[in-house]
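According to TrEMBL, the protein carries these features:
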COMPBIAS  1-13  compositional bias 'Pro residues'
REGION    1-22  region 'Disordered'
TRANSMEM  64-86  transmembrane segment
TRANSMEM  136-153  transmembrane segment
TRANSMEM  159-180  transmembrane segment
TRANSMEM  201-222  transmembrane segment
TRANSMEM  228-248  transmembrane segment
TRANSMEM  280-299  transmembrane segment
TRANSMEM  319-338  transmembrane segment
TRANSMEM  350-369  transmembrane segment
């Protein structure tokens with residue numbers, strides 16, 4: 001037998017191999033330290049975020065935070081984002097409407113928001129069965145659930161009937177929103193230093209809800225069809241109904257309240273009329289309206305082009321949902337950028353640069369519609385994601401200071417109604433933008449199959465966005481933490497019943 005050859009004894013490492021091993025070990029240790037630091041940073045950020053939310057809960061009440069999450073996150077965020085995608089496909093594939101007509105239809109969604117002062121007066125001054133909050137949340141939930149199920153279960157529904165259902169859904173969201181707005185306005189006035197934090201929370205949960213809704217929208221439309229996806233919106237409606245039953249609210253005496261309703265209404269109307277005459281109030285309100293109205297909306301024309309099989313990039317239903325989901329994530333980034341970097345800047349300086357970036361970012365749409373991205377070697381899928389991210393970040397940075405500014409223009413005692421009035425002005429601006437966009441699409445003959453002049457509509461929109469920079473003098477130079485109203489008007493109307501949201505204990509549920 002041949003003896004087995006034994007392995008030679010190991011040699012001592014040379015200096016070069018020793019150096020290599022040391023470098024490898026150092027790299028491994030550095031990588032491990034880097035990974036540990038990254039994980040620790042993420043954990044610290046998440047923990048810090050929870051700590052920040054906990055701070056708001058302690059300072060403003062945990063039930064207030066819950067109300068913001070329920071209304072802005074579930075109803076407006078998730079439900080609203082799913083509604084946007086599903087309704088667009090419904091008008092395009094089921095009703096087979098032209099983009100200019102759909103642009104006008106979507107403008108009708110803002111009509112209930114124009115009535116926000118009315119919803120505010122009803123919830124503040126007209127109790128139902130002795131309650132000011134519970135019945136209106138329940139009404140909002142019923143409208144949401146009923147309208148979504150009607151559209152989902154109907155075959156051959158007329159276009160006008162579908163529009164009525166969609167406007168009813170918008171009304172439900174507006175009614176639920178007005179109560180939270182009153183709470184936000186009061187807390188922003190009483191705690192001016194926390195006003196940016198409140199808007200950060202509102203914007204963040206809205207964007208998070210939008211992320212969830214958009215992420216599911218494309219898949220739901222593909223699997224269930226546009227009507228089936230609209231039926232899913234009944235779930236946020238049920239949550240609003242539940243919210244109406246868990247609010248802790250003391251029942252008022254009807255006889256006494258009926259005698260005070262008209263007096264309160266008279267005081268509220270007189271207060272709003274007096275407040276809106278102050279230059280510090282009407283000047284920024286005029287800027288907000290004009291800046292929104294001049295930014296005409298042509299989103300329906302772009303949506304039809306996105307999904308066209310011949311003229312456009314022919315994006316699938318799933319990818320359209322992904323685009324909007326990424327946009328929702330970008331909105332969250334915009335909220336964080338505002339919260340970390342921009343919350344201490346003066347209103348005029350911040351809004352000027354935000355509006356400038358808003359007009360410049362619109363040029364990405366022009367590049368995309370003209371297909372210059374392909375000439376540059378950038379694929380459609382990558383470019384549309386880039387455009388959506390830039391647009392959503394800038395839109396959020398531009399929008400939050402406007403809401404902070406609006407909340408600081410509300411006198412105590414009528415803050416809910418007056419904030420609703422300011423939001424009504426903003427909604428009128430959005431309605432004007434939708435109507436103007438529909439007129440432009442129709443005038444340029446942008447149809448379901450003809451997109452030859454879509455680039456010109458985009459260019460007109462961008463130039464109108466930039467034109468509002470000439471109105472920036474209407475915005476005050478004040479800091480976002482300053483009190484803008486003079487003392488004689490700030491507290492001229494007293495303090496109404498506390499506008500905080502609280503949850504009932506389980507043993508109090510039988511009082512509902």
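For all residues, glycine too, the Cβ spot is worked out from N, Cα and C.
Just so you know, TrEMBL annotations never went through curation; they're auto-generated.
Ranking 64-86, 136-153, 159-180, 228-248, 350-369 by CB pairs under 8 A with the transmembrane segment (201-222) puts 64-86 at the top. Here the transmembrane segment (319-338) has long-range neighbours at 81, 84-85, 196, 200, 203-204, 206-208, 210-211, 213-219, 221, 303, 306-307, 381, 384-385, 388-397, 400-401, meaning same-chain residues at least 6 beyond its ends whose C-beta is under 8 angstroms from one of its own.
The transmembrane segment (228-248) shares more Cβ pairs under 8 Å with 136-153 than with any other stretch in the list 136-153, 159-180, 280-299, 350-369. Between the transmembrane segment (64-86) and the transmembrane segment (159-180) there are 3 or more Cβ pairs closer than 8 Å, counting only residues 6 or more apart in sequence, so the two stretches are in contact.
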